[in-house]
Amino acid sequence: MSGKLTHIDQTGAANMVDVGSKDETERQAVAEGAVRMKPETLALILEGNAAKGDVIGTARLAGIMAAKRTSDLIPLCHPLMLTKVAVEIEPDENLPGLRVRALARLKGRTGVEMEALTAASVTCLTIYDMAKAVDRHMEIGSIRVIEKSGGKSGDWAVSDPALMR
């Protein structure tokens with residue numbers, strides 16, 4: 001890993017990285033996050049009784065849509081032709097809450113970590129939005145990249161994927 005910030009030039013100004021000379025490779029990133037909530041809120045969501053409708057289905061779609069809009073949201077991110085975005089939402093009664101895992105993939109010249117992080121973040125935000133009427137104490141946390149593959153820096157994965165214990 002380089003000790004240099006790639007989006008800052010020698011004068012300290014922010015710039016978009018020129019990826020034109022990079023080789024196209026298969027690239028993938030997986031990010032995760034979680035929404036901690038009251039057990040009764042989790043039960044309400046799992047039973048499909050939230051006032052705003054299907055929380056899990058809506059949050060999943062929101063995450064996928066957000067990944068495709070990452071370059072509109074994060075300055076200096078390249079617009080990417082994603083080949084796959086997938087979002088999984090799993091209940092965890094021990095949390096209690098919902099765990100989110102988002103995958104982004106492409107064949108291109110730059111990584112997809114920001115797209116995976118955006119998908120995970122917006123999925124969690126949507127869960128919060130759809131359930132906040134019954135639980136204002138929900139907590140969103142531990143949003144992070146847990147694995148990436150492809151590109152010059154190669155493959156990487158966290159050694160302990162558990163979060164929000």
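Numbers here mean position along the shown chain, with the first residue as 1.
Heads up, the Cβ atoms here are built off N, Cα and C, so glycines get one too.
If you look up Swiss-Prot, you'll see Leu76, Cys77, His78, Met114, Glu115 marked as substrate binding site, on the strength of sequence analysis. For Leu76 (substrate binding site), the Cβ neighbour count at a 10 Å cut-off comes to 12, with all displayed protein chains included.
Under 8 Å, Cβ to Cβ, and six or more positions away along its own chain, Asp129 (active site) finds Lys52. Look at Asp129 (active site): DSSP puts it in a helix. Positions annotated as active site by Swiss-Prot: Asp129.
A Cβ within 8 Å of the Cβ centre of Leu76, Cys77, His78, Met114, Glu115, the residues given for substrate, is found for these other residues of the same chain: Thr70, Ser71, Ile74, Pro79, Leu80, Thr110.
Residue density at Met114 (substrate binding site): 22 other Cβ atoms are found within 10 A of its Cβ, drawing on all protein chains shown. The Cβ of Glu115 (substrate binding site) has 28 other Cβ atoms within 10 Å, all protein chains considered. Around the Cβ of Cys77 (substrate binding site), a 10 Å sphere holds 17 further Cβ atoms from the protein chains shown.
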